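**Student:** Pulled from Swiss-Prot, these are the listed features:
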- GLY102, GLU125, ILE126, ASN160, THR161, CYS180, THR258, GLU259, GLU260: S-adenosyl-L-methionine binding site (BINDING)
- ASP183: active site (ACT_SITE)
Amino acid sequence: MAAKKNKKQKREDYRAAMKQDDVLTMPRKKFYRQRAHANPFSDHQLVYPPHPDQMDWSTLYPAYVAQEESQPEATPSSTTEDLSAPVKVKKLTQDVEVADIGCGFGGLLIALAPVMPQTLVLGLEIRVSVTQFVEDRIKVLRRQNEESKAYQNVSVLRANTMKFLPNFFRQGQLSKIFICFPDPHFKARKHKQRIVSTTLNSEYAYAVRPGGVVYTITDVPDLHGWMVQHFEAHPMFERVGVEEQEGDPCVEIMRNATEEGKKVERNKGEKFVALFRRLEDPVF
C-alpha cells in the first residue's frame, strides 16, 4: 500500500499539474502556501536585468512581441548567470505602463485587464508561491479566452521593488503605480521596510511620467497617514483632490478587486485611499 502524500508533496504535485498546457481550471490558493510577508532586505536570489533596455518581456507578454528585426544584444537577466554571455532581447510593440507593487494574489491585475485592454499591466510580487499562483491564474484565463485574446495584457514578475525598480523601468515609463494594502510594519524599527519612504518615493518619481498617478490604499490609519505625509513632503508629487479621486474608475476597482480589499469588506473595516500626481519636472 502506497504511503499517503504529505501536504508539501500534494502542493508540489498540484503545481506541477497546473503547468500542463491544457489546464482550464483556476488554481486554488491552498496549494500555494506562503508566509504573509517577506523581508525585502534578505537575499532572495532574484533575477533582474542590469538595465531596463536589457529586460526581455517576451515571455510575459507573448501576444505583444514585435516582429523579428535586428535585435540588440543584452547581458543575461541574472545575478548568477555568466554576465559575459550575450543574449537576444525580444522587443514588445509597446511598453509596460502600469505596475501593481506587491500584487498579492492578482485580484487587481485581473480586474484591470478588461478595463485597460490596450495597456500592459505588470504585477510585482516578492513571494515565490504567490507569484506562481498569479502566473498560473493568468495562464488559465488566457487559455479560457483564446478567441478574444483577453488577459494577454497582464502579467506578473517576482521582484523586490525596494531594491530593483529602476532595473525594470526607464525614466517616465509608467503612467500608474498601485500600492494596495502594503505590509504596515507596525514596529518603529520595521518602518524602514515600508514600501513608501522618502527614498522609494524618489524612485517612483523617476519611473512615473509627469501627470501619472500613484494610487495607495490601506485599512491601517497609521500607515495611511505615513504614506500621505511622505508623498506630500516629496517635491515631485501632489495629492489628488477627493472629487477627482472618486471620479477615477481605478479607485473603485482598487477598493473592491483585491483579495485584501474583499477581506476588509467582509470584516466591515475601513479603507483609506490617497492618490498622488507626478508633477512636471522643474525647468532649470
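Including glycine, each Cβ sits where the backbone N, Cα and C put it.
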**Student:** Compute the C-alpha separation of GLU260 (S-adenosyl-L-methionine binding site) from ASP183 (active site), stating it in Å without decimals.
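**Tutor:** On Cα coordinates alone, these residues lie 11 Å apart.
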**Student:** Among the binding-site residues THR161, THR258, which residue has the fewest other Cβ atoms within 10 Å of its own Cβ?
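**Tutor:** If we count Cβ atoms within 10 Å for the binding-site residues THR161, THR258, the smallest count is at THR161.
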**Student:** Can you tell me the CA-to-CA distance separating THR161 (S-adenosyl-L-methionine binding site) and the residue listed as 'active site', as a whole number of Å?
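**Tutor:** Cα-Cα distance, THR161 (S-adenosyl-L-methionine binding site) to the residue listed as 'active site': 13 Å.
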**Student:** How big is the gap, in Å, between the Cα of ASP183 (active site) and that of THR258 (S-adenosyl-L-methionine binding site), rounded to a whole number?
**Tutor:** 14
